[in-house]
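K.L.:
I am attaching a structure below and will ask some questions about it afterwards.
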Amino acid sequence: MAMGLAICFMMLIKLVIALAKIPTTLNTTCVGDIGVLLQFDVYQESCPEAEPIILSWVQSAISEEPRMAASLLRLHFHDCFVNGCDASVLLDDTENFVGEKTAPPNLNSLRGFEVIDAIKSDLESVCPETVSCADILAIVARDSVLLSGGPGWEVQMGRRDSLTASKAAATNNIPAPNSSVATLVANFQNVGLTQNDMVALSGAHTMGKARCSTFSSRFQSPSNSGGPDVNMDFVQSLQQLCSETADSTTTVAHLDLVTPATFDNQYYVNLLSGEGLLPSDQVLVVQDDRTREIVESYAEDPLLFFEDFKNSMLKMGALGPLTGDSGEIRVNCRAVN
């Protein structure tokens, strides 16, 4: 029954995307001097059940815990920012191998690995060694956004899975929650994304939660986290929440207090009211005139935000993929074959 609904829903997604006239031509992205290609409908012949299976699992996971939508979307971000979208973020540590899960931006923070495991297990039973873990992450990210009320888009596929990971790159490349605008722009430009992409992709913080330890500077030094635009009522409410427990690594707050489980443009409205949770969110309106202009445009026009977000997701999803004979198709996303 769930699978049948997923297939019907996937057909609806295709129709919506077609009506939106999203281009379905090949996208070329250059990594160094090598041109690599991702394509649409890669699994149409080899595993036509792939997208409906993935959608069904994502639907189930979000229905059980709405926060999981943000967690699954975040996995794709943290994967692509470290040596490209190659599922390196999913590799477990072993005696002879150090993965990325214990890097500071990921440790006790990333979630949803069990959902990816379930999806991969299901796909392996239907289409063995066909659908890569990296492609699963990209599709899961799209489905999480769409099922939460956000835009849909055709996912480019054809990524292969890495044989390695880099804890050091995960530590250095993933934007920190206390970053300035200049640092955020540099982080994004280092992987080939623009300032506009940065502001659009930051809109993913319209869903999910964050630990007190990631935004404690918002109330410890409010004068440094918003200047004249600081919302003291909001800051004090955060301080009260986080003071109720001694463990700042477990207490969490909604990134968007107004519509915490809905993918919409409320995040940008919140920023203009001084209610950005993370310091790296609030700086978008207080440190740089251009980023503030973009925030204002998204706060006023949700459709503009949706369009820019999906285009930036396609750009990010095309960062440094392994294709052709590079990498492999993992049987278990947590370990190389």
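From the backbone N, Cα and C atoms, a Cβ is placed for every residue, glycine too.
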K.L.:
From the candidates Cys127, Cys133, Cys212, select the one that TrEMBL records as forming a disulfide bond with Cys47.
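P.N.:
Matching partner in the record: Cys127.
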K.L.:
Just confirming the record: what cysteine out of Cys30, Cys85 does TrEMBL connect to Cys80 via a disulfide?
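P.N.:
Disulfide mapping in TrEMBL sends Cys80 to Cys85.
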K.L.:
Relative to the mean position of the Cβ atoms of Asp79, Val82, Gly84, Asp86, Ser88, Glu100, the recorded Ca(2+) 1 site, which additional same-chain residues have Cβ within 8 Å?
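P.N.:
Checked against the 8 Å cutoff, the neighbours are His78, Cys80, Phe81, Asn83, Cys85, Ala87, Val89, Ser162, Ala165, Ser166, Ala169, Ala170.
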K.L.:
Which one is it, among the recorded positions Gly84, Cys85, Pro175, that lies nearest to Asp264 (Ca(2+) 2 binding site) by Cα separation?
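P.N.:
Result: the closest of the recorded positions to Asp264 (Ca(2+) 2 binding site) is Pro175.
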K.L.:
If you measure Thr259 (Ca(2+) 2 binding site) to Cys85 (disulfide bond) at Cα, how many Å is it?
P.N.:
29
K.L.:
Using all protein chains in view, find how many other C-beta atoms are within 10 Å of the C-beta of Cys80 (disulfide bond).
P.N.:
29
